[in-house]
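Beneath this line is the structure, given in structure tokens, with notes to follow.
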Amino acid sequence: MLDIKLIREQPDEVKRQLARCGVDGAIIDQVLAFDEQRRRLIYEVETRKAERNAVSKQIGAMKDQAERQAKIEAMRRLGDEIAELDRQLAAVEEQQRAAMLEIRNLPHPDVPDGVDEHDNVVVYQEGEERQLPFPARPHWELGEALGILDFERGVKLAGSRFYVMRGAGARLQRAVIQWLLDLHLRQGYQEIYTPFVVKESVLWASGQLPKFRDNLYRDEESGLWLVPTAEVPLTGLYADEILEASQLPIYHAAYTPCFRKEQLSAGRDVRGIKRGHQFDKVEMYMFVKPEESYQALEKLRRDAEECARLLGLPFRTKLLCTADLGFGSTKTYDIEVWAPGVGEWLEVSSCSNVEAFQARRANIRYRPEPGAKPEFVHTLNGSGLGLPRTIIAIMENYQQEDGSILIPEVLRPYMGGMERIVNEAA
């Protein structure tokens, strides 16, 4: 959520920045109209309360019963007026907050302007679009031939966009998760295990609501929601708390399954595990002082890149343009790995600085020094990494001509020393 003071003091600049992201600035006018109503109602409430206090003092000094009764009646009328004004004020404040929650974050000056994802800028690359010395097979062919991916039974269990991993495939999935968490521990993150369901308020705090409501799974009976990313519960950890400056920075890493209902077009990514309604991800999350947040973003980016590097995957880092920037982000790097079987660069991490956007929604503050007025922290989030596409890249880059898959060296200790995935039934 943006700072209302910024909107009041620089409405034209806010509109200009929103326009960079293709957002109509009319909502800023709505917020300001609600703000004007709110301030007028506050003034009227305070004026009526002052009148009531004055009448109350007069009553105490009155001896004439008729005059006293008239003043008591005047106080009652003022009380009714105050109650009605308070009701109107609460309604306007709710309307203003609802409008504020619809406004995306503003892009950082470094973010390039653009009209779509083709305007994203590659800022770093290690490795090329690897060409194998034999025809590269896509991961779904490899997985089915090796008996480690079972799409038919995934559909049987849960419907389209679900799959089952078997044997060495399931072990590979588990190995990647554990290795990533251990790596982030060495990078300075504290591992966190959170619920995989959250209250609705936590989704509002993280910025998932209202924008992504149609993509989320909700249990109607309990009112709890399945997490679409560990970013959501990690944001909510310190909601409505005041941290001390000495506690910052806080670096957390968490694994969760992620659940999303997003509707996918029939002709796009219909094969394989690239897009599904349930997937695993390890998330990195930071709470930092405002003046340190862009330095922290570079650490987040380096830590995500290190994951791809140690796995031996060709990768590149893109700075997202304004058209591709997420709702809450001011600046985002995407890390993509090359997958020769599908012939694509696949996004495995998105590292974003959201500044105080989430902290303001979640009311997460810190004291710059003892006794100082609390200020909002800055928060950052980054995938470290998203598993389906990481698994795709491992399978397709490490495939052998005989259809087996070599296991990256860093993962072998997590798989009991296994060096190669072969068809166990062969």
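Even glycines carry a Cβ here, placed using N, Cα and C.
The record from Swiss-Prot ties Thr229, Ala230, Glu231, Ser383 to L-serine, and of the options Glu283, Glu291, Glu292, Glu336 it ties Glu283 to that site too. Taking the Cα atom of each, Thr229 (L-serine binding site) and Glu347 (ATP binding site) are about 15 angstrom apart. Listed in sequence order, the binding-site residues near Ser349 (ATP binding site) (C-alpha within 10 Å of its C-alpha) are Glu283, out of Ala230, Glu231, Glu283.
Taking Cβ-Cβ distances under 8 Å and a sequence separation of 6 or more, the neighbours of Glu231 (L-serine binding site) in its chain are Ser206, Glu283, Tyr285, Asn381. Under the DSSP three-state reduction, Glu231 (L-serine binding site) is assigned to helix. When other Cβ atoms within 10 Å of the Cβ of Glu262 (ATP binding site) are tallied across all protein chains shown, the result is 13. Shown are the binding-site residues Thr229, Ser350, Ser383; the one with the most C-beta atoms within 10 angstroms of its own C-beta is Ser383. When the Cα positions of Arg260, Lys261, Glu262, Glu347, Val348, Ser349, Ser350 are compared pair by pair, the longest gap among these ATP-binding residues is 20 Å.
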